[in-house]
Amino acid sequence: MNPRIRAAAAVAPQLQADMDPSAESIAGVDEVGRGCWFGPVFAGAVVLTEVAAVELLAEGLTDSKALTVRRRARLVPLIEDAATAWALGQASAREIDALGIRSATELAMLRALQRLPTPLELVLVDGVLPLRLWMGPQRTVVRGDSKCAAIAAASVLAKQARDGLIKRLASRFYGYGLERHVGYGTAIHRRALLDLGPTELHRRSFLTKLFAVNGSLT
């Protein structure tokens, strides 16, 4: 056996500990971009067999936040090929402002899950809060993106898709540094907002405090 696969197989039971062994179709779901000032929040949903999980772990699958851009990009096609099913969902900045970030995040997760072609026996949700919009069986997994291969895979797909979208939008919204911070609240982003004002894709509900101190939100 390949040493990487042997090592991954040794830790796979721990990483999959939150899965129901009697269930055959389990999806991991995770969000990306919850704290950003700009653009949509994304969610990924992935169904993996145990064999696929072990193979992906051997390739270095882990929480997307712990991966370099290059390693994450390399994992994306591997996840897409290995997964029984995968899908993405998103909720727009306008929906975030209208619904609030938690409800909008849940909407993105629901959209991802509804796009899966596979009927689900269980959904594993990253974090401590349940997915209120999902009517089927579910289980929350604290720090699930570092404990469950399906959730980690979902986070990688969502992160790669969202970051790619924001970087493509950087040329349309020039001057905000989106290609560098992909919408997060950095000093460069803050300065650009104060100089240029928010765009149509900024989350105005996130900027209220910034502009309350520094001027009008127009």
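Every residue, even glycine, has its Cβ placed from backbone N, Cα and C.
Annotation comment: Swiss-Prot describes 24-218 as domain 'RNase H type-2', evidence class sequence analysis.
What Swiss-Prot lists as divalent metal cation binding site is Asp30, Glu31, Asp126. Other Cβ atoms within 10 Å of the Cβ of Asp30 (divalent metal cation binding site) number 31 in total over all chains.
Long-range neighbours of Asp126 (divalent metal cation binding site) (same chain, six or more residues apart, CB within less than 8 Å of its CB): Gly28, Val29, Asp30, Glu31, Thr140, Val141, Arg143, Gly144, Asp145, Ile151, Ala154, Ser155.
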